[in-house]
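One structure is given below, encoded as structure tokens.
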């Protein structure tokens, strides 16, 4: 698959998680998924959305009542028919680029040899051993996934030599250099703008160093961290003296991993560090289940005490062979009691993890599971004071909920049907939650209801992970289509679709009476402010809230229980850390700075000024209201209005091109010359150090060249956008534009000695104070000029441009990319392609279906507890996961360490680590880094919840 063949419109959000090269490798992979119960179809759905070449689904079995508890593409009318054939059509509709076919025969070696990845679900042990051995010897990646009630199992064997090209998928770490010592080892000190993010064992490259230039071509060097701003490298004692400058950047290292076959004992990965012993016990208990099933041709009967004791006895025999003497017998008994169950949330979680392993196997991206993983949510079972479930209460009833009834009983199912829940958001997580709600029967009975609200319409980029939507739905409202889709999954669902934002303006709709009729709220939102407001509504109305979020391969869940747990909490300053104004205006040193500057240019030139003009033309009080905002801001606004209605008003397309050319000269030549006039290249500070060093990169003016593609990209985009706000039709014809440019006269520029440029935001503030009198005079002149403006057409209005990153025809991203990269060229900053520019400037949240499915599954496991009314705080879990590295923290509410994110430092994390057990210290590090990264996107709470484990 060539990069040009990757449908970036469809895969745009996923490409920020799985890069183009990894996607091309995935596009060559043929995957077999055996078993089309709930777990199998979940894996297939996620893998097809991810974009492999083909998926073959295999199943010899027919649809049974219990399958409907977790298999979302099966209907009651399908009973008795082959599961794979019944699922093929709907799976095929998920992604036009993936060939989907069904196979209803047995798995033989000739058939298996056609695939690069084989996944077995809910399969007998003999089949796992045989297929596993064949795959291992033939270099076929092999995955086993299984769910039994509230427990799940996952195994991976990617062969004896598997290359991981990128272990974590994170952007390479980089930092500006302040000093490098001549020593053995040499000590690199980074600028003190912010602490570096390097870790021991990383490899780095150096560039742009002046003086100790040997390092610029030295090659990857392993480092050892010395502190928050320093690390050691190789022997630099014989290198030249360091003078100034330099950038250090992480070099990603591939790894070769070796896997053993499923017959061999392997490592067990933890998903809940409070259950270490239980998961080791489950490793043997699942093997015992296979023996039990082989003996009786069935799983233990639901809630059968005799079956449970027999399973414990079989497990004890296995313990002797394995020389394991710390068996958790209670966990084995509980597994037996629920083993016949089939739960949608568990399938969603394990299915999300398993599908991510398929992605790793196909792409070489991210670290695979090594090699066993066990998961259980046995704390979802009724608490002691709720009584003991009987075999009769959990017996099958020829009901679509039989797989769930066998775990929780029929009374609980009746309770689920009567629930009234409010789901806010019908995007990626919202779709997955609605799928689970339909399968478990939430609100699907008399008196029950789901209210879902989302004001957005479906876009093409949604189809890659919001699986309830298809191409035919583009342009329709998400909430309406989602409601229709889940009604097809479960026709008994009672669901109401709204298109409202949940905010203070809609409190007349979502009143106290509305909340009073609810049993709970689920938040599937993508920003902090909306979450905080919804949390406040739940606290005020004493309603529980389930909350979850994702960022690429990472995700989190939070459950808020009235009078029991912490609430989500207020937000003081969610969102991206502000870049200092002076850094943006004059001293950028990262591509993020130039992209933010480009976005600010777009907003100022093509949106805000046009809106101000329209307000001026339609509102007689506009000038007075603007003056009330302060002299500095008022001058800037009114100057823009006067300029755009006066001397810069274009009469035709040629005038728009002329404006764009003069704008180019101002931004990339004149302003740089003025900056260098104020701060020459050899400028020194009061302490005698070079002014242009560290984070201050000395710029160079650019010279316009019509043969330079980026120069012309700017002219084309800027001229068209300028024409659009005036209602003038533009053109993409570069030959015609170049012809117009030949006649444009660009004024000569001479730097002025009277101009002062602030180096810090504090200096800028002080300069504004000093200019107060000057601004007052300017303001009076502007008011007078504007009062005399006479328009020929009194009905004239401008057309402000609302930034839209996903429309490639509107010139918005064309302008951002060219504007940013020219600025980067000024300052010798590595440029960014359109893909990366869209991510940063468009503030896109990377997303992938696997993480979304897993997070929604965990949220619904907490829902089970809420519906039952669990009152033990130790029953509930908050989760932090990273599927890229198979890292899981499912934490209990035992001891909270709560702090404002913006006051939290790495030092305090390290301090906490010293007072924690070694196992938990890594959890702290993960959560700290996870939220530190994700908070930049403004989607996570300002609070960090660090929970100590019972042990």
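Every residue gets a Cβ built from N, Cα and C, even glycine.
Owing to the predicted nature of the structure, the values given are computational and were not obtained by experimental measurement.
Features reported for this protein in TrEMBL:
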ACT_SITE  582  active site, glycyl thioester intermediate
COILED    765-792  coiled coil
DOMAIN    183-252  domain 'Ubiquitin-activating enzyme E1 FCCH'
DOMAIN    263-318  domain 'Ubiquitin-activating enzyme E1 four-helix bundle'
DOMAIN    401-881  domain 'THIF-type NAD/FAD binding fold'
DOMAIN    588-838  domain 'Ubiquitin-activating enzyme SCCH'
TRANSMEM  844-867  transmembrane segment
TRANSMEM  879-904  transmembrane segment
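Sequence-remote contacts of a segment are chain residues at least 6 beyond its ends whose Cβ falls under 8 Å from one of its Cβ atoms, and for the coiled coil (765-792) they are 616-617, 623, 627, 631-632, 634-635, 638-639, 641-642, 645-646, 756, 758. Non-local contacts of the residue listed as 'active site, glycyl thioester intermediate' by the CB criterion (under 8 A, 6+ apart in sequence, same chain) comprise 758, 759, 760, 761, 763, 764.
Within the chain carrying the transmembrane segment (844-867), a Cβ under 8 angstroms from the stretch's Cβ atoms is held by residues 12-14, 16-18, 42, 45-46, 49-50, 344-353, 355-356, 359, 377, 379-380, 408, 412, 415-416, 419, 428-429, 432-433, 435-437, 440, 442, 464-465, 467, 519-520, 522, 526, 544, 546-557, 559, 561, 805, 838, 875-877, 879, 881, 883, 890, 937, 939, all 6 or more beyond its ends.
In this model, the domain 'Ubiquitin-activating enzyme E1 FCCH' (183-252) carries an average pLDDT of 92. Residue counts of the domain 'Ubiquitin-activating enzyme E1 FCCH' (183-252) by helix, strand and coil are 5 helix, 24 strand, 41 coil (DSSP-based). Counting residues per DSSP class in helix, strand and coil order gives 38 helix, 2 strand, 16 coil for the domain 'Ubiquitin-activating enzyme E1 four-helix bundle' (263-318).
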